[in-house]
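This report concerns only the one structure given below.
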Amino acid sequence: MLERIGISLEDGLLEQFDKLIAEKGYVNRSEAVRDLIRDALVQRAFTESSGREERVAVVTLVYDHDSSSLAQKLAHIQHENHRAVVSALHVHMDAHNCLEVLVLRGRGKDVVAMGESLVATKGVKYGKLVPATAGHDLR
């Protein structure tokens, strides 16, 4: 069941929003607003959980594989937390740089700790932990 709501926006904000949703390919404002709300709910659930609930996240890493034992350190962290690693994708971007994308799933505090550990590993050029969802609580 859908409920209709109304919102008020400052001058120019609606114009910017319409441009954004057109660029992203949304067919209407409603679907774009629903996606914004879903994203906010996922973020809140991830950050406000007790840490015991199951959570899903994606970690993106870019690093120089020639960097002194960095690849081994990253692999070690993954092996220490192997139950949380659902999937790992490793891409050779060029002769030196690697892109690694990991899907993590487990207790929230464990997922966050592992993701932050990977991102903070010395030598990682870019790292990001992005909360995701298994979709159970979303409509």
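Heads up, the Cβ atoms here are built off N, Cα and C, so glycines get one too.
Per Swiss-Prot, the features are:
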BINDING   His79, His90, His92, Cys98  Ni(2+) binding site
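A map of Swiss-Prot features onto the structure.
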residue: His79; record: Ni(2+) binding site; DSSP class: helix
residue: His90; record: Ni(2+) binding site; DSSP class: strand
residue: Cys98; record: Ni(2+) binding site; DSSP class: strand
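Neighbour density around each Cβ, counted as other Cβ atoms within 10 Å, peaks among the binding-site residues His79, His90, His92 at His90.
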